[in-house]
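K.L.:
Pulled these from Swiss-Prot:
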type	residues	note
BINDING	C333, H384, H510	Zn(2+) binding site
DOMAIN	1-61	domain 'TGS'
REGION	242-533	region 'Catalytic'
Amino acid sequence: MINISFPDGSVKQFESNITAFEVANAISMSLAKAAMVAEINGELKDLSTIIENDCKLRILTAKDSECLEIIRHDAAHIIAEAAKELFPDIQVTIGPAIENGFFYDFAKDKPFTPDDVAMIEARMHEIVKRNEQITRELWDRDKAVEFFKSIGEHYKAEIIASIPAGEPITLYRQGSFIDLCRGPHAPSTGFVKHFKLMKVAGAYWRGDSRNEMLQRIYGTAWATKEQLDNYLFMLEEAEKRDHRKLGRELDLFHFQEEAQGMVFWHDKGWSIYNTIEQYIRKKIRKNGYTEVKTPVLVDKSLWEASGHWEKFREDMFALETDDKTLALKPMNCPCHVQIFKQGIKSYRDLPLRMSEFGLCHRNEASGALHGLMRVRSLVQDDAHIFCAEEQITDETVSFCKLLTEVYKDFGFTDIKVKFSDRPEIRAGSDEVWDKAENALKEAVEKAGFTYTLNPGEGAFYGPKLEFVLTDAIGRQWQCGTLQMDFVLPERLDASYIAASGEKKRPVMLHRAILGSLERFIGILIEEYAGRFPIWLAPIQVAIATITSDLNDYALEVQKALIDNGVRTDINISPDKINYKIREFSNQKIPMIAVIGKQEKENKHVTIRRLGTTDQEVLSIEQLIALIKKENEKYL
């Protein structure tokens, strides 16, 4: 007999050599019917797994989050089976589960058409209805290679041949289809009910551009119809909000081939950029930061000393001049250490909070560039806090408080924290890491956050916190970071005089709230769908006249607004007022000041706010006061 422990704390005895499915069936037939996989001693396994010894067991169903990846992995096998049934001459290659779905790569002479994809999706539904049993098989490697060669699946044979000899090969069979896979999988194809094929793209075999191009079909799969519908709605909404599309429509910025990954900011986009910078500058000054400016182009000797040359050389832009190698800085930290080192620093000078809107360049692959979200030239709201070990907790708490205030001002209140602790390869002693990790954990908890652990994902020089925002349509964006560094002050010989009179190394906290301003603006464009709040909008008030004889008064209103720092636009053309209002609304200007005969006589304007038909009559002074009040909350 063996003892099996369950999540509710109960322990039950069973005959040895019982399968996980049989255990589920012994508990209840309904559980066995819903069961997808088993978690045995913390590891996901097929329900057919034989249990020989005492263990901890969870039976998982589609309601458990762990099963979502199983559903997606099953869907990848189902798409491959469907494609092979419809197009027997194609070859299958790889098909993993990915975030939000799955894909499968196929070798096919002619491209898949939209009709082909629709046929494949329909056949997938047929395979689900068949409820084909999915079984795991152990094969000898060489026999598996020969088998796949014999059925014309040469890509699959190549993958298996690259596995070391003697390693067991696991194949999964469903219907007439068989595929190489580690598993686990659900017991049958009937568990994958809610999916949709999304698009076809090219992909090189093994990700190598020297190899042949394959066709990749992407799909999404979910545990329930509601989840699938919500995801498809989110994608539809995301397409409407795409910052690249809105950037063109609202005349904010553009990109072009001659400067890949570099932003051409237009007047309105640059207004948003400068307003955000002004806002952050006010915040950091209030929180005791100094602001510095460091060179963009720096000799490689500094990057060698800091360690960046060895680790990031491929991502840096370098040039030769006067027998020297210079590099555009990819980050600001080594330069900030140089400022810290000017003059003798005492423990009384700490913490020293040094900020910079630093212009950085990173040689991102052209295929990875994506609008404002991934660029080669970027400015970070970067800062480094030089402090003593005993100040780490307080500085982290202060930073978390500042970060929360900033995110709230931009409308983000759902903030998640990820804590990345020590990696296997790291600098510093375990004692130092213990102190650092405990200080960060204590600070996060003091700041009122809970965190999820990313084991082993810290940098080699210290643990880090990542702050993740959830936007209006449920997407998550990692923006803020706080990273502890024991190594750079050592490498660049930064020190301060402690109270005891001895020299000590400061701890360096790398921190950013927005990350890159470019990316954050991209996120904001999509968060607001282009409808910026008044304080941030590039044009705060648009003025529109009903008839041309009101133009002089309209210009008088515009001058008063401009003189008081209000960003304005005006249309005093002969066009109809409804056309003017529609055009300004399409530009997503938050307030439109309509001027008619009565407004001129009373020295008023009639305000229409974006997205409403409500009207409000204000004097020029009242309008200015209203805008100033909004601005002063943030600027």
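Just so you know, glycine gets a Cβ as well, placed from its N, Cα and C.
Small disclaimer: the values here were computed from a predicted structure and weren't measured.
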K.L.:
Just name the winner among H384, H510 (the binding-site residues) by count of other CB atoms within 10 A of its CB.
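P.N.:
Result of the Cβ crowding comparison: H384.
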K.L.:
Taking the centroid of the Cβ atoms of C333, H384, H510 (Zn(2+) site), which other same-chain residues have Cβ within 8 Å of it?
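P.N.:
Same chain, not in C333, H384, H510, Cβ within 8 Å: M331, N332, H336, D382, A383, Q483, D485, L488, M508, L509, R511.
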K.L.:
Inside 10 Å of the Cβ of C333 (Zn(2+) binding site), count up the other Cβ atoms and send me the figure.
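P.N.:
If we count other Cβ atoms within 10 Å of C333 (Zn(2+) binding site), we arrive at 22.
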K.L.:
What are the DSSP helix, strand and coil residue counts for the domain 'TGS' (1-61)?
P.N.:
14 helix, 28 strand, 19 coil
K.L.:
In the predicted model, what is the mean pLDDT computed over the domain 'TGS' (1-61)?
P.N.:
95
K.L.:
Give the helix, strand or coil assignment DSSP yields for H384 (Zn(2+) binding site).
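P.N.:
In three-state terms, H384 (Zn(2+) binding site) counts as strand.
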